[in-house]
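Below: one structure, written as structure tokens.
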């Protein structure tokens, strides 16, 4: 602390930081990127381990025998679903009652803000069916959930296996928690209605009937998705709403039973490799970790489990994959795996809390904790603090020099005159800084509100659908916003001053640092991707650099282009590259889905980008054209 308390040493340190500001910023940026890329190297990661003592051993004997019968039930469910053209509610109710469950239904409806063209629906109506297996050896204050979505696709095998497990569990006496078997219609919308009804909340404006039956407080949940009768591997999906992740012990439990039973398991659809010391092995780990980063940054739930996390319920989706691998897993084996997991979750004396909630996984056997990946983000954000320090020193010198010159000119006049003149001449006009701030944020408000409000007007005047109208209006408002803050300070205060743009940049840099810091605490992946693109913009932009080239770079590093590049990058990581035309259509679909996820489930990515990130970027755009 002596270095900072001594005025001479403090001035020397500040002088060093300002003199070497640019080289230090470059080193910090490269070090941050290198640190993050090094996280996928296996010696730098931690091996997964079970933190919860109640689940520390997999020494349970799984005896589920009815895999083939479950598949037959799934085929029967598919026939009834085809017959009624949707959810076979009556058949499900009778089948669950025959298995000794307390069966209840819930009807729901939801009007979408604009049509979901991926599934061709505007008004969604459906019914959820769930059965409760009451715990015979406990006061029924806690519960576990096993769900299977009734989707238009082929998920019939999951429903059949769910019903088979319900019948098997009914004959066991060791359950200390209620087990809820849920078949939800319309995927996430049905799950959202059931969770809101179960917890007596309504955060999305959905219409649903109150639940007539209820279990205890839900401790954990698994959602099951099976693509066909033949399963080659099981994929674990963890990413939930707004980048939330379940407790790591849930992933560890899945991996432990896969290892015990001999099931081929993957994460992000990728197998684990042991050749981590080779280039291909490291590349594989990087792809797996980056896929998790991209999915988490999207903020959307990647399975029905993603909505449970909002209610502090640890949940994951187990997805059966049918690929060209020679390894085959039958339904009996999957049932034994689920039986073992639920028996271990049944032993919990408290909620899962001892392991990590913030992590990245380059493989199922290794993870990167928050203490390892946050320094990479810190190295990027420290650049903003260094730039803010440099701007502060420059403004201090400008104000001090101007004050001294005014004082010398007025040395023979009264002190009151000196004070008045110096106050008028030594600071930029407030409006020259305040006006870009206000107009930039008003542009963000327009980007957030106008696409939904103007969709009917756009459909009337242009040959587009409602979804296309929303997306095109958003793009139009985003593009028009580039002109609105452009030299706005001149409308009210004349020529911009030299210190005026410095004050505005100081405000913008500190604003961006706080914004990225808060974002990274909620969703690290989104905060890191934004930092990769916005920190260079904040570092180099000034009014004195070449305008055309700099404007092109700023547009390339804008939030919209970052999203466009992320779409192509995500397809490359999934080893499904697309052409530019297909990528552009996918980009438009991602925009519409992001807006829809916000209004349906409460995803925060769209309002964050529209109301905060985009206005902050517009401030730097305004600084570039400051005159």
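Every residue, even glycine, has its Cβ placed from backbone N, Cα and C.
In TrEMBL, the feature transmembrane segment is placed on 401-418, out of the ranges 347-364, 401-418. Range annotated as transmembrane segment by TrEMBL, chosen from 452-468, 469-485, 486-502: 469-485. Of the recorded ranges 20-41, 430-449, 506-539, 607-626, the transmembrane segment (370-389) has the largest number of C-beta contacts under 8 angstroms with 506-539. Take the transmembrane segment (430-449) and the stretches 20-41, 469-485, 506-539, 607-626: counting Cβ pairs under 8 Å, 607-626 has the most.
Within the same chain, residues 276, 282, 285-286, 288-289, 360, 362, 368, 372-373, 375-380, 382-383, 386-387, 389-390, 528, 532, 535-536, 539 sit at least 6 positions outside the transmembrane segment (20-41) and bring their C-beta atoms closer than 8 Å to a C-beta of that stretch.
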